[in-house]
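One structure is given below, encoded as structure tokens.
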Amino acid sequence: MKIGVLTSGGDSPGMNAAIRAVVRTALYHGCEVFGIKRGYSGLLSGEIIPLDSRAVGDILQRGGTILQSARCPAFKTAEGQALAKEQLLKMGLNALVIIGGDGSFRGAQDLNKMGFQTVGLPGTIDNDIGCTDYTIGFDTAVNTVLDAVNKIRDTASSHNRVYIVEVMGKLSGFIAAAAGLTGGAESVLVPEIPADLNALCAKISRSLHEGKTHSIVLVAEGFYGDPVDADQSSAFKVGRFVAQHTGCETRITVLGHIQRGGTPTFFDRKIATLMGAKAVELILAGETEKMVGIVNDKIEAFDMDAAIGERKQVDPQWLDLIRILS
Ligand code: ADP
């Protein structure tokens with residue numbers, strides 16, 4: 001059996017650990033494994049490389065993805081999909097493991113409709129995929145944010161200022177909520193739950209008046225809508241509002257792509273490894289259009305439709321608790 005593996009969409013720490021687990025599990029079971037470079041772009045252009053055990057040596061601990069990743073609008077077109085089918089037949093692949101987010105899974109479904117066996121692994125720092133408590137890369141990204149917030153806190157305590165820190169997550173607030181809960185923030189602003197900025201300003205003014213030397217507000221990049229469309233970051237808009245309504249000096253930090261990098265944490269390596277092995281088992285069992293998830297610490301298979309369809313929500317109680325504890 002010939003199994004292909006690709007990484008697609010935004011990269012995330014732990015993708016390499018997943019690739020390693022897929023390759024070595026498949027080799028163990030006597031399969032041939034091929035890596036497709038740059039996601040669906042490489043599929044269309046036929047960039048495919050054989051992967052042996054050595055090819056995935058020394059990558060477990062590395063961020064990014066050795067297969068590289070890409071966004072490929074051409075793959076969504078009828079011509080693109082016809083070309084994809086042609087390439088897969090030429091390559092002689094029987095099944096594909098697709099590591100990415102919901103967009104990548106929609107692509108996997110299209111391949112499945114054309115008769116190719118597909119299994120997806122949730123690889124995104126945003127944690128915005130249904131049917132899994134965690135996605136590969138989320139834990140590392142949150143730890144990166146916590147490290148940054150610790151550093152901002154050090155300098156913040158020397159000044160009476162309001163620090164607005166923008167984190168990634170597209171239209172989802174999981175990174176902001178998780179970092180706010182465990183890193184300590186005055187407030188966390190997420191796209192999913194409406195926020196009362198006037199009440200936030202009143203609270204900031206009160207806290208500073210009562211002797212608190214600084215306030216940190218975490219803002220998800222999608223707080224004001226799709227960050228791709230935004231002409232200005234959410235943090236700048238919030239910062240301007242807070243400065244105008246409190247009279248406080250504000251400082252903005254947009255953490256940006258540092259959140260995508262770094263060596264994956266134990267947790268991301270663990271789920272990437274277990275999920276990668278499970279993907280191969282599913283393929284060998286003849287399953288298709290499945291996504292591997294982790295729910296209540298159990299690695300399980302779910303229908304891709306369910307994973308894409310479920311709108312996972314930040315727990316509003318977390319935001320309440322963040323406010324209570326600040
Ligand atoms: P992610 O997988 O992280 O959500 P994207 O949404 O950018 O990232 O999707 C990655 C790639 O998956 C796209 O560039 C495209 O090639 C493919 N893709 C996305 N949406 C679809 C779709 N509706 N149908 C087919 N392919 C898609």
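Heads up, residue numbers simply count up from 1 along the chain you see.
Yeah, the Cβs are placed from backbone N, Cα and C, and that goes for glycine too.
Bear in mind that TrEMBL entries carry predicted annotations, made automatically and left uncurated.
In the record from TrEMBL, residues Arg20, Ala21, Val22, Val23, Arg24, Gly184, Ala185, Glu186, Lys212, Thr213, His214 bind ADP; the candidate from Arg153, Arg240, Arg260 listed for the same site is Arg153. The candidate list Gly4, Gly10, Gly169 contains one residue that TrEMBL assigns to the ATP site with Arg71, Cys72, Gly101, Asp102, Gly103, Ser104, namely Gly10. Proximity of the binding-site residues Arg24, Glu221, His257 to ligand 1, judged by a Cβ distance under 6 angstroms to any of its atoms, singles out none of them. Here the binding-site residues are Val22, Cys72, and the one with the most other Cβ atoms within 10 Å of its Cβ is Val22. For Gln259 (substrate binding site), the spatially nearest entry among the binding-site residues Gly103, Gly184, Thr213 is Gly184, judged by CA separation. Rounded to a whole number, the distance between the Cα atoms of Cys72 (ATP binding site) and Thr213 (ADP binding site) is 47 Å. Between the CA atoms of Arg24 (ADP binding site) and His257 (substrate binding site) there is a gap of 30 Å.
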